[in-house]
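*Asks:* Starting off with a structure, shown below.
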Amino acid sequence: MKDLPIIALDFESKEKVNQFLDLFDESLFVKVGMELFYQEGPQLINEIKERGHDVFLDLKLHDIPNTVGKAMEGLAKLNVDLVNVHAAGGVKMMSEAIKGLRKHNQDTKIIAVTQLTSTTEDMLRHEQNIQTSIEEAVLNYAKLANAAGLDGVVCSPLESRMLTEKLGTSFLKVTPGIRPKGASQNDQHRITTPEEARQLGSTHIVVGRPITQSDNPVESYHKIKESWLV
């Protein structure tokens, strides 16, 4: 996978995606999430790949093991670069996801969502009824993902250093919640700058609105890219 900032294509239509991608004359690493995939379907993935871009298909699969395994068999045929599941589904579910993926695809990396970067300590305790710190909850889910054989996790940059210490440098830490200095926090709570994410051990960063909603997306992307790749 490219070591580039992953741009979250948080658009509702293929037309808006193409308008955005047409601004760039270089190969990108982009994220297609539920909103866009459910609107446009697999054909959009094929078109983005044909343009030479890497794709993170962010569907966060979470169901019984058999269902997730079968779903991953279908997604494997899209030949994206990165897919994910929810670690809360457990080791068996994650193992079945890998089996389904590998039936048709040996190259796609698979990672697990630990805790969303919108999660707060209060939400963790009172809504999820998890009576530990966010850091401990993330570590527990990351250990389950590692035990299942996944390539890494989605986590906040604030947990990256801990996960590197516990699970090694090759374990992927894909981190949303990235905001350049002075940018709006939006609905993210556990955030850092690109430079801080690199220093903390993130292997990849995901950036959406600071690029896609910028007055000059190309310039904003290059600034984030430069600060990430220092």
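For all residues, glycine too, the Cβ spot is worked out from N, Cα and C.
So Swiss-Prot has the following annotated:
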BINDING   D10, K31, 58-67, T117, R179, Q188, 208-209  substrate binding site
ACT_SITE  K60  active site, proton donor
*Asks:* Sequence gap of 6 or more, C-beta under 8 Å: which same-chain residues meet both conditions with respect to H62 (substrate binding site)?
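*Replies:* Long-range Cβ contacts: V68, V85, H86, A88, G89, M93.
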*Asks:* Ten-angstrom check, please: count other Cβ atoms within 10 Å of the Cβ of G208 (substrate binding site), all chains counted.
*Replies:* 18
*Asks:* In whole Å, how far is the residue listed as 'active site, proton donor' from D10 (substrate binding site) when you measure between their Cα atoms?
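*Replies:* Checking the Cα atoms of D10 (substrate binding site) and the residue listed as 'active site, proton donor' gives a distance of 15 Å.
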*Asks:* Do me a favour and check the Cα-Cα span between G208 (substrate binding site) and K60 (active site, proton donor); whole Å is fine.
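*Replies:* That separation, Cα to Cα, works out to 17 Å.
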*Asks:* From the Cα of T117 (substrate binding site) across to the Cα of K60 (active site, proton donor), what is the distance in angstrom?
*Replies:* 14
*Asks:* Counting every protein chain present, what is the number of Cβ atoms, excluding its own, within 10 Å of the Cβ of D10 (substrate binding site)?
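*Replies:* I count 17 other Cβ atoms within 10 Å of it.
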*Asks:* With every protein chain in view, how many other Cβ atoms are within 10 Å of the Cβ of L59 (substrate binding site)?
*Replies:* 17
*Asks:* Check the DSSP secondary structure of L59 (substrate binding site), expressed as helix, strand or coil.
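*Replies:* The residue in question, L59 (substrate binding site), is strand (DSSP, three-state).
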